[in-house]
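> Quick paste of what TrEMBL says about this protein:
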type: ACT_SITE; residues: Asp25; note: active site, nucleophile
type: ACT_SITE; residues: Asp27; note: active site, proton donor
type: BINDING; residues: Asp25, Asp27, Asp245; note: Mg(2+) binding site
type: BINDING; residues: Lys220; note: substrate binding site
Amino acid sequence: MPPARLSTKLDYQSLLDKHDTWMFDCDGVLWNGDRLVDGAVKVLEILRSHNKSVLFVTNNATKSRPSYKKKFDKLGVEAHVDEIFGSAYAAAVYVSSVMKLPKDKKVYVVGMEGLEQELASEGISYIGGTDPADATLASFSLSSFTRDPAVAAVLCGLDTAINYTKLSKAFQYLQDPATTFLVTNDDSTYPAEGGLLPGAGAISAPLKTASGREPLSIGKPAKTMLDCIKAKHNFDPKRTIMVGDRLNTDILFGQNGGLSTLLVLTGITHIEDIEGPNASTIVPEYVTNSIGDLRILA
Ligand SMILES: O=C(O)[C@H](O)[C@H](O)COP(=O)(O)O
Ligand SMILES: [Mg+2]
């Protein structure tokens, strides 16, 4: 069944009446890079004025929840830290609460401050990440590498300072099948301001190729992220809607969780991805151009 294309005030009013909890993806929905989508602030205000629960669910692992709160504040978007769920947070919770990584073990991180901060918040020891010693474009020599025997997992997320040294070190650990291979998410591209950039999936791809291993992906569409939200918020899946810009993460995440799904066309997905001969098999329930369209409810 094709998605319902929202257009009239009645369409948006009906969506508002049917859903108490609104989960918003961030990149490509609320903003692209640091550029807000037109109407995003107003729409969130309208939803809150109707006593709707608003949550933010992002696969972007570059920031911790407190760091995201600073971005929300800087952009003038009302958000509370406990409404924000990022894949860095979900990955840290997974390592601590699901893997139950022993205290004498460590994680080798390919990623940025967000991942490090969330791991630290969960009491997880890590190496790698933004370690200045790894921030080099020099070629990598194994003669200068000493494996840390405490490393029991490799965790890879979006790293805009990726280099051969980080990939080489992570790969050393991944050659041991006992080392757990985790990625925060698999997004192939990142919807930045003005266009697309390589996403987290493009950062972990070299490790998958070199190791021949498939990692466990924590972020959307996996249920781990929803489990993290359920641990902090009560919501009725039947009266919850996931608003996203990527079919194989946001919309699939919503479908996997039994949520309604609203696709917006301000990020990754274009109308030809859901209509016509090359349409995806992942079909959102609703589609609208932008979350700004919901300003009609003002
Ligand atoms: O590359 C990535 O990690 C993702 O493209 C990006 O961060 C997605 O973020 P989201 O759309 O889930 O907010
Ligand atoms: Mg997105």
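The backbone N, Cα and C atoms fix where each Cβ goes, glycine too.
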> Who sits close to Lys220 (substrate binding site): which same-chain residues at least 6 apart have their Cβ under 8 Å from its Cβ?
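Asp25, Val57, Asn59, Ser87, Asn185, Gly244, Thr249, Asp250, Leu252, Phe253 - these are the non-local Cβ neighbours of Lys220 (substrate binding site), listed in sequence order.
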> Distance check, please: Cα of Asp245 (Mg(2+) binding site) against Cα of Asp27 (active site, proton donor), rounded to an integer number of angstrom.
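Here the two Cα atoms lie 8 Å apart.
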> Identify, among the recorded positions Asp25, Asp27, Asp245, the residue whose Cβ has the fewest other Cβ atoms within 10 Å in this structure.
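So among Asp25, Asp27, Asp245, the recorded positions given, the one with the fewest Cβ atoms within 10 Å is Asp27.
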> Which chain neighbours of the Mg(2+) site, leaving out Asp25, Asp27, Asp245, have a Cβ atom within 8 Å of the mean position of the site's Cβ atoms?
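Those within range, site residues removed, are Cys26, Gly28, Val29, Leu30, Thr58, Pro191, Gly244, Arg246, Asp250, Val264, Gly267, Ile268.
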